[in-house]
Amino acid sequence: MVTRICTDVYRQTLLPMTELPAINQQLFEAKAKKGLTFDALAKELGKDEVWVASAFYGQAKFTAEELQKLSQVLGIDQSSLSGALGEHWWPYRGLGPTPPSDPVIYRLYEGVMVYGHSIKAVIHEKFGDGIMSMIDCKVNIEKKPDPKGDRVLLTFDGKFLPYSKW
């Protein structure tokens, strides 16, 4: 029963990313078979759970040491991981087709469509002319209990980068 549930979760997680390389699919499959969460993997690697998830989707790069640890934790041959995701490999970062069709991703996209200009205006008022870096950014997701139903607390903690003047 647990294996079937893990396999179902694996398939649901992977469905929107059918273009993932085989090695990334193998990471998801091994994670599901072991019944691990991104948080558990993050603790093993000394990383954040959102960062680990992004690396599973090919949008962040594991170090050689992280690939070795991941190999041990997930039971995947290290030479396969290093061969596919080693020093020669670089991530492709992006959302995919827009607007996104996955409901969770679409709601995040919708949030930017609805509040994007307001957020931009407030950032400029508080910081000046610049942007919030997504390169130097931490993303945290917390579950916040609420009597009307649990809430998602999503935090983007990005470095402010002022535009250069020359």
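From the backbone N, Cα and C atoms, a Cβ is placed for every residue, glycine too.
Database features, via TrEMBL:
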type: ACT_SITE; residues: Arg107; note: active site
type: ACT_SITE; residues: Glu110; note: active site
type: ACT_SITE; residues: Ser133; note: active site
type: DOMAIN; residues: 29-81; note: domain 'HTH cro/C1-type'
How many whole Å apart are the CA atoms of Ser133 (active site) and Glu110 (active site)?
20
Which residue counts does DSSP give the domain 'HTH cro/C1-type' (29-81) for helix, strand and coil?
37 helix, 0 strand, 16 coil
Enter the number of other CB atoms within 10 angstroms of the CB of Ser133 (active site).
12
Quick note, Arg107 (active site): same-chain residues at least 6 apart with CB under 8 Å of its CB -> none
One finds that other Cβ atoms within 10 Å of the Cβ of Glu110 (active site) number exactly 13
